[in-house]
Structure formats: C-alpha cells, structure tokens
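Undergrad: Mind having a look at this structure? Questions to follow.
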C-alpha cells in the first residue's frame, strides 16, 4: 500500500465513510412513484389520504430496501420525509392477523416518539394496524395493561421506558422483526448508547435494523458496526435536503442584553403566523418567558424540566394555533412539526452546528417557504460564518420589510 493510500484510508474513518462524517451510498435504485413500490392497497390509500403525492428523495431510495428486509443506514436531514420512510416500510411488513409487537422504533424525545406514532397511525388508517407510544412521564400501570391486553403491532418509544418494559417482560421481543433508530446521532451521542445496546441484546439476532440520522459522526458508524449486517447505505445529499425555500437572516444585536428589546420589536411580525424561538438553556427559556409576560407579550414555553402532561397541553395549544409563539430548547427542536410555523428565531445560535438544520428545518418542510432569523452578538459572528460554511448557505442581514417575506 502506498503512503498516500494509507493516509487516505485513515482519514476516512470507518468503512463506508467519506471525510467529514458523510456516508457513501451503495444503493442506487430509485422508485419515483408510490404505486411502483408494490405496497398494499390499504397502505396506499393511507399514503394518499395523508397528502403525499410523490415520494421524497429519501422515500424513493430507502423504502424498497427496507421492505426487502435489508439492514439500512439512511442519512437525511429533518424535513425530508424520513419518518414516513420507515413508517411505510413497517406497515408494509407487519402481519395484521398476528396480535403481537412486530416493529420497535426508538426516538430521542417523547415529543418525537408521539409524532412518529401519529404518522404511523395516519398512514395505517385503512389497515387497522395498532401503534403505541411507550414513553417516560406517563403512567406505568396503564402502559403495562395496554401492552399485556393489546400487544400493539408497532411500538414507538424512548429508550428508557422501552428498555424497562422489555426488561420486565411486559413487552415481548419474540415477534419483533424490525428495529428502527430514528435521529440516531442524537440517541447515540451521550446517554442512550448503552440503553440501545441493552435493548438490542434482548431482540432476536435476525432482527432487521434501520438507522436514520441527519449526521453521521464516526461514533454512530462504529455503533452501527456492532449491530448491523452488511447494511445498505443511502445518503440524501445536502443539496437535495432542505435549507432550500428557507430565507435565512441575522440581526446584529452586538450585545446579549440587547436581544430582549430586539425580540419585543419583532413581536408583531412573529404573530403574523406562528413562530418558534430557540434558546440554549432551560433556565433562560423560563427567564425570557417571564420577561415577555412582564411586558404583556403572549408567549408559551416548553422544555425538558416540565412534566409530560404540561408539555402535551402546550404542544396541543400550539398545534391548534391558539398559542402563536413558542419558546423552547434544542431538546425539542426534533419534535416540533407544526405545518403553520413559517418563522424560526434563534435567540441563541445553537452550540452544536448540526442542530441548526433541526431548528430551522421546521419552517420549510417539503419545500414550504419559511424564514429564519438569527440574533448575533459580536462573539457569535464566527459561529454564524461557521454555520454558513458547514451548510454551504448564505445568511444575510435582515431587511426592514421582513414581515412581507413571511
């Protein structure tokens, strides 16, 4: 091996990696119509009733290998239709007559798990498939009863509660044939890696594994090596993904303490539709909410310290449009899927640039238009440039007529 080859293989990290944590596709088949995927009639009805007309880039590539039973690693960002990719694959594969759990989906947050459950139920509406969200913060006894009485076809959950139910044998792995890890980068970084591995040990060795992730840091790929067999790798490249359709601006606020006044000046603009404001810490979410209320601005807030009931009520009000401005943290960036949101404000720039797309990818899902406004202090300028470079995008200074763009 020559020296240049040697250094190249080192730079590339694990097999199937290109530099910069991007996987290399090894599957080129594209099916550009749902009708050509050999899906059941009742599932197709659900897909069209849900409002899908043509499969998105990830759906055109990943549904088929998933249905064929391959292990699949799919790299695609938020807003590309990846939830429906695995939901359709699961619904096509389950045996409706078998009253047993046959597919298990893990997600990093409760909100995301509930959202996935809603998508599965909607797509499977004409099939009579059952799907249950197995998440922390809910009544354990009621959950145990549901699992024992009904044995839902599909379980979507967070790692802690799912492991607990498997461990206590209320959830049986016997018929689980498909295991999906959604937002795998988020789950495998910190905390959940061990729990996922423990869950995996309880599943049958021939269980199909599907892993979806916006980013592919090397530790994610290392973990996939432990529990995936010759996976199909599918990359939906950044340019097919979606900062497209989202106008990105920054406001030069110079100093942190000037952000609040700037936000209040923007408030009238925010309430034209619905807006999400992202902040980096839970404490600061509470602080900003208090400050806004003290100035008689109506805002609602949500973060991980709140109990599940409270979070559900807040999300319900926001989804229905009765609350118009939601202040939240990155934890929930991946669980807010509200069609009407066309404005996202980064009160704080994300500490982790990968989260930028999760935050603003909300606004312009499937090519819907959206506006993102970043508040930038002197210290933030380098981070902003870094984000521009990372996503190969341009973020301009906010024009005075921003209200006309929303």
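Cβ atoms here come from the backbone N, Cα and C positions, even for glycine.
Per Swiss-Prot, SUMO2 cross-link is recorded for 146, 225, 238, 309, 369, 381. The domain 'Helicase ATP-binding' feature in Swiss-Prot is assigned to 63-234. Summarising the annotation, Swiss-Prot assigns N-acetylserine to 2. As annotated by Swiss-Prot, phosphoserine applies to 4. The N6-acetyllysine annotation in Swiss-Prot covers 118, 174, 193, 238. Look at Swiss-Prot and you will find 158 tagged as phosphothreonine. Annotated motif 'DEAD box' per Swiss-Prot: 182-185, in sequence order.
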Undergrad: In Å, rounded, how far does the Cα of residue 146 (SUMO2 cross-link) sit from the Cα of the residue listed as 'phosphothreonine'?
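TA: If we compare the Cα positions of residue 146 (SUMO2 cross-link) and the residue listed as 'phosphothreonine', the gap is 17 Å.
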Undergrad: Counting across all protein chains shown, how many other Cβ atoms sit within 10 Å of the Cβ of residue 174 (N6-acetyllysine)?
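TA: Cβ-Cβ neighbours of residue 174 (N6-acetyllysine) within 10 Å number 9.
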Undergrad: For the motif 'DEAD box' (182-185), give the DSSP counts of helix residues, strand residues and coil residues.
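TA: Split into helix, strand and coil, the motif 'DEAD box' (182-185) gives 2 helix, 0 strand, 2 coil.
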Undergrad: Sorry to bug you, but what's the C-alpha spacing from residue 118 (N6-acetyllysine) to residue 309 (SUMO2 cross-link), rounded to the closest Å?
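TA: If we compare the Cα positions of residue 309 (SUMO2 cross-link) and residue 118 (N6-acetyllysine), the gap is 17 Å.
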Undergrad: Work through the recorded positions one by one (118, 146, 193, 309, 381) and point out the residue whose CB has the fewest other CB atoms within 10 angstroms.
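TA: So among 118, 146, 193, 309, 381, the recorded positions given, the one with the fewest Cβ atoms within 10 Å is 309.
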Undergrad: To the nearest Å, how far is the Cα of the residue listed as 'phosphothreonine' from the Cα of residue 174 (N6-acetyllysine)?
TA: 20
